[in-house]
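Novice: Below you'll find the structure I mean.
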Amino acid sequence: MAKYVSLTEANEELKVLMDENQTSRPVAVHTSTVNPLGKQLLPKTFGQSSVNIDQQVVIGMPQRPAASNIPVVGSPNPPSTHFASQNQHSYSSPPWAGQHNRKGEKNGMGLCRLSMKVWETVQRKGTTSCQEVVGELVAKFRAASNHASPNESAYDVKNIKRRTYDALNVLMAMNIISREKKKIKWIGLTTNSAQNCQNLRVERQKRLERIKQKQSELQQLILQQIAFKNLVLRNQYVEEQVSQRPLPNSVIHVPFIIISSSKKTVINCSISDDKSEYLFKFNSSFEIHDDTEVLMWMGMTFGLESGSCSAEDLKMARNLVPKALEPYVTEMAQGTFGGVFTTAGSRSNGTWLSASDLTNIAIGMLATSSGGSQYSGSRVETPAVEEEEEEDNNDDDLSENDEDD
C-alpha cells in the first residue's frame, strides 16, 4: 500500500509515492492546473473562517488519463477502498472448521455420549437385555470405524462394553431402569411430585401405626413381667408365713384362661377320648380372659395399666424390670406411654378349644409368633405384622461376565 500521498501548493506538481511492494519502474506523473474557483456553493459558516477560497485544492487519486485537458477531480472509490481492493484476497472456511474432535471420544463413543445412547436405547425398547444393548452400540461403532486397525478396534469394542455396563449400573442405582435376572425394563424419571408426596404420607402413616403397635406390645410384655415376678414374690412370702407348700389341688398353674358368661347361659361341653380337645357350646355370649388380665385384677401390676401407681409401688415395679426398661415403667405410671388397652373380651357362640389352643391364648405376648395373634380382655387386638424376610439378592452390578451366564 502507498505510504504517503503529498500534494504541493496549487498550480505545482503532484508528487505520488508509489507502493513499496511494487517493482520500481518509471512513474508517469500528470500535472493538472486548478484554476481559481469562481462561485461555489459552500456550507454556511458562523463567524470568521480561516479557509482561503482562492487557495482551495481538490485532492484526487492518480487515474488513467483520458484527455490532456480534463482535470483530475476525484476517484470513484475512497482511498481506503481503492487500496484495499488492489490487495484483497477472498478465502473460504474449510469444511472441517468448527469441528473439534476430543481425543478420548472416537466416533461419538465417549462416556457422555455413550451414556445418552444407552439411555435412548433402553427407553426406545422398553424391555431389553444387557447383551442386546451392548450389541447394538458395538454394531454402530463398527459401522462408523471401518478404517480402524483390528487391534485398535478390539480395544475400543471392549471399552464400549465396559462403559455400557457402567451406564446401566448408574441407571439402576437411580431407579430409572430395573433389572429382573437378564431383563432390563425402563421405568423413567418420576415427574409426579404430588403423587410421590401422597405416597410418602401414606407410608409415614403406616409406619406410625406400626410404632403404636410395637409400643402396645412392649407395654403388655412389661406388665406381664412385672405381674409374674410380683406373683413369685408373693407366693414365696406366703410359703414363708405358713411354713409349708400349698396343696396340689389348690394350685393353678400358668398359663391359664378363664371363660365367663351369664348365670343363665347354658353351656354344653364335649371332651375327646384323649382329653386333648374340648368343645364348648354357649347359647349366649361369653368372654375369655387370660392369666395376665387376671393378675391385673389381683393388683400384681401395681396399677400401671391404668396409670394410677403410687411412688412406692413405682419404685417396686422399677426393681422388677431390667434397667433399660425403667424409663418405660415411669411413663406407664404417669400415663404418658403410647399404648392403648381394650377391655372387650372375645365373644362367640361355640368353638373347639384344644389344650394347645388354651395354652397359646394364655401365654399371649410371652411368645410372639410371626403370624400374629388376637388377645382378649385387657390385651390389645394386634393384627398380624408380616416381617419382611431378607431375600438373597442376586441382582449384583452388571459386568462383562454376565454375557457368559
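Including glycine, each Cβ sits where the backbone N, Cα and C put it.
Note that the coordinates shown come from a computational prediction; the quantities given were computed from them, not determined experimentally.
Sequence annotations record features per position, and here Swiss-Prot assigns DNA-binding region to 108-190. For 80-93, 369-379, the entry in Swiss-Prot reads compositional bias 'Polar residues'. What Swiss-Prot lists as compositional bias 'Acidic residues' is 384-405. Per Swiss-Prot, region 'Disordered' is recorded for 68-104, 369-405. Marked as region 'Involved in negatively regulating E2F activity' by Swiss-Prot: 175-306. The region 'DCB1' annotation in Swiss-Prot covers 209-241. What Swiss-Prot lists as region 'DCB2' is 254-310, and the listing cites similarity to another entry. The motif 'DEF box' annotation in Swiss-Prot covers 156-190. Among the features that Swiss-Prot reports, site 'Critical for repression of E2F activity' is placed at THR121, CYS130, GLN131, LYS140.
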Novice: I'd like to confirm something. Which of the recorded sites, THR121, CYS130, GLN131, has a Cα closest to the Cα of LYS140 (site 'Critical for repression of E2F activity')?
Specialist: THR121
Novice: Measuring CB to CB from THR121 (site 'Critical for repression of E2F activity'), give everything in the same chain under 8 Å that is also at least six residues away in sequence.
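Specialist: The answer is THR128, VAL133, GLU136, LEU137.
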Novice: Looking at the recorded sites CYS130, GLN131, LYS140, which sits with the largest number of other Cβ atoms within 10 Å of its Cβ?
Specialist: CYS130
Novice: Within the region 'DCB1' (209-241), count helix residues (DSSP H, G, I), strand residues (E, B) and coil residues, in that order.
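Specialist: When I sort the residues of the region 'DCB1' (209-241) into the three classes, I find 33 helix, 0 strand, 0 coil.
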Novice: Quick check on the motif 'DEF box' (156-190): DSSP residue counts for helix, strand, coil, in that order please.
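Specialist: Across the motif 'DEF box' (156-190), DSSP assigns the residues as follows: 18 helix, 8 strand, 9 coil.
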